[in-house]
Every structure is written in C-alpha cells, then in structure tokens.
Amino acid sequence: MHVTRLQLVDFRSYAEVDVALDPGASAFVGRNGQGKTNLVEAIDYLSRLSSHRVATDAPLVRAGTERAVVRATVVKDGREAVLEVELLPGKANRAKVNRSPLPRSRDLVGLVRTVVFSPEDLALVKGDPGERRRFLDDLLVLRTPRLAGVRADYDRVLRQRSTLLKTAGAARRGSSSAESALATLDVWDGQLARAGAELLAERLRLVDALRPYVGKAYQAVARGAGRDDAEVEYRASFELPPAAQTAGDLEPALLDELTRRRNDELDRGVCLVGPHRDELVLTLGNGETRLPVKGYASHGESWSFALALRLASYDLLRAEGDDPILVLDDVFAELDSGRRDQLAELVAGAEQVLVTAAVDADVPAALAGTRYVVADGTVLRG
Ligand SMILES: Nc1ncnc2c1ncn2[C@@H]1O[C@H](COP(=O)(O)OP(=O)(O)OP(=O)(O)O)[C@@H](O)[C@H]1O
C-alpha cells in the first residue's frame, strides 16, 4: 500500500498542509524542529490511532486550537480510499472512509498499516516491559484489526478490577465489611480471566510467528551475527499449563492464579496476574552463552535488536498481506555507516518508504527517491 496525498489541518505545528506523495522512497529533509516528524507521525496516527511519541492526543492538536484533522489518500491493491480522522482531545475521535463516517473511530485501525523506525525504538530493548508489551499489542492490532476490541476490553476490565482491589483491600484492613466488595471481585476475576486469556493466546501466537523473522532480521543488521543469535520469548506472569495455547486452555489457568494470589493482591491493592504483567524477553547468544539483552547487550547490539524487531514486524506483515508503509524517522543519524547502508538496502524495495533527516548526507543513496524540503510549516518538492 502507499499514500498518494496527505492533508493536515491543525495537526502539531501545521495549520494546513497538503502534500502529494509518490510510491517508492521519499526523503523529508529540513533543519531541526521544522515539522518532518510531524508529517510521518500523522500517517502513523492514521494507522494505529496513537502516536509513537506521545501517549495522549492533546499534544497532536496545534497549540491554541481544539481539533486536528489528518486525511490521507491510500492506494491498496490498485484501489484508492480516502481515510480521515478528526482528533478531539477529551472527546471521542471521529473517523471517515471516503467521506462516510464510521460507527467507531477504532474501525479505521489497520486500513493503512505503518511500521515506524525511530530513535525512540531503543526503549523497546532498554525500556520497561510495558514498551515491549505495547510493541506486541500494536503489532497484533495491525495484523488483526478486530483485536483492538480485545485489547480495549482487557484494559477496561483491568482498570475496574484494580480500583476494586484497592477499595476491597482497604475495607478488609479497616473495620467495614469487605464481603460485598469481595463478591464483586469474583465477577471481575472472571472477566479479567476471559479477556486476559484471549489477549494472552493472541500474543503467544504472535511471538511464535515473529520468532523466525527476528533471527533473520538481526542477522541482516548486525554484521557477523548468526541466524539464531537473537531470540524472543514470551514470559507470562504465571506458569502456563503445558501445551496451553488457546484462550479456552488459558482462561481456567489464569482464573486459578487469580484465586491463588488474591490475598497478595488485596494487601498490595494491585492486580498482579495477567498479560499486563507479562514480558517479552529478548536474548542474544552464540554457542553456549545466551544473555538477556536488557542489562547485558552493548549499545550497538541493543540498536541492532531494536531495528531487528521493527524489520521483523515489517517482514511478518508483508508475508501475510499487503506491504505496510515504512517510516524511518531520524534513524540514519543514529547509525554507523555499515548499519545505515545495510538497513537502507533491506528496505529499499518496499512499496513506500518515508525517511526524515536533518541533512541530505543522512539519507542513504538507496533511499534518495523523491526529496522534499520541510521548512517554516511548508513542505516543498525539490
Ligand atoms: N501541538 C503543537 N502545536 C504547535 N507546535 C507544535 C505542536 N507539537 C509540536 N510542535 C512543534 O513542532 C516542532 C517539531 O516538529 P518535528 O518533531 O516534526 O521536528 P523535526 O523537523 O522532525 O525535527 P528534528 O530534526 O529535530 O527531529 C517543534 O518546533 C514543536 O514546537
């Protein structure tokens, strides 16, 4: 797939901009702070309804205004569609396809698919487990858009159950009767186990599908590495029953664990079991030594692993359907020349690659393509 036109109104620093895009490689070049990332962030937002830079929508709306619009003309399998989202921080966003409103903005997710490489990706390797869970869940939803609902259900149940744990725990410690809160907790345990088992089963399936692509991608970006050097493994917050894979297998196990840990949870007022406590463990090894990446890997190895996770996502999505749009946001300045050329060669054949860079010298020759100059709120071919 590729985007042929991007129109923004009051998005980030842009009051209004309308850019025609070509398939193949495009480079957006301009001094710092001119709005290069803002452009590609808009396309990514359309794909996932969230940004790779901020957790809430408010910073995406131009300061002093109350709504922003991102509209893109997307060509997929030769057919064209106009996708649009209106961002209304604090309220529900509105989405349209070919000018017809969608019942829920969530229905837009996955109609355009992006894979973004950015300097923030280092956090995928060095950051908290939450970064890696978000990576998995974003990929799940891009692969299977209906899972946006499963993810949202789990988050909602988790929030409600966590609130209840706090009140029930406090009631138990105080003099007031905790009976009714505990009875309600039983109901929420059931809901958490149901939604959690579904999310867990999907993540396990995803990690299995991703694993071979990660090894291959790491080998491609880290010079001298073997195909089995980089590994990903899903570690759940409780011991999974042997061979349990479906949500049906996992739900009773999750429910049992919630029962077993209930006192602990009430004491601490925190939900200790479920996919929100799981970890995607990244390891590197050759021969007999295999070590976790976090805390052990060098800076260069960590970067290579982060790139490998993104490349693997791209390869997986590509193998299962239409080519996603690749966004390489400011990454080349971070890489040594060997990795830079290797990455450029690997992605040069993609249907559409959007690169941002502060100077022309940071854009590898393989990705020169169409060049745009970004300055003072304007985006000009040249
Ligand atoms: N909500 C907003 N309203 C107005 N301006 C904003 C908003 N959010 C960000 N900006 C401005 O947008 C600019 C940043 O744009 P962007 O991140 O796209 O820069 P860039 O060209 O990618 O720069 P760099 O090369 O440094 O990464 C900053 O000057 C920032 O102040």
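Even glycines carry a Cβ here, placed using N, Cα and C.
Taking the domain 'RecF/RecN/SMC N-terminal' (3-358) as a whole, pLDDT averages 92 in the prediction. According to TrEMBL, the domain 'RecF/RecN/SMC N-terminal' annotation covers 3-358.
Its Cβ taken as reference, GLY33 (ATP binding site) is surrounded by 10 other Cβ atoms within 10 Å in the chains shown. Among the features that TrEMBL reports, ATP binding site is placed at GLY30, ARG31, ASN32, GLY33, GLN34, GLY35, LYS36, THR37.
The local packing around GLN34 (ATP binding site), expressed as other Cβ atoms within 10 Å of its Cβ over all shown chains, amounts to 21. In the three-state DSSP assignment, the secondary structure recorded for THR37 (ATP binding site) is helix. The Cβ centroid of GLY30, ARG31, ASN32, GLY33, GLN34, GLY35, LYS36, THR37 marks the ATP site; residues of that chain outside this set whose Cβ lies within 8 Å of it are THR356, ALA358, VAL374, ALA375, given in sequence order. Neighbour density for GLY35 (ATP binding site): within 10 A of its CB lie 22 other CB atoms from the protein chains shown.
Remark: THR37 (ATP binding site) has ARG53, SER118, ASP329, ASP330, THR356 as non-local neighbours, by Cβ distance under 8 Å and separation of at least 6 in sequence.
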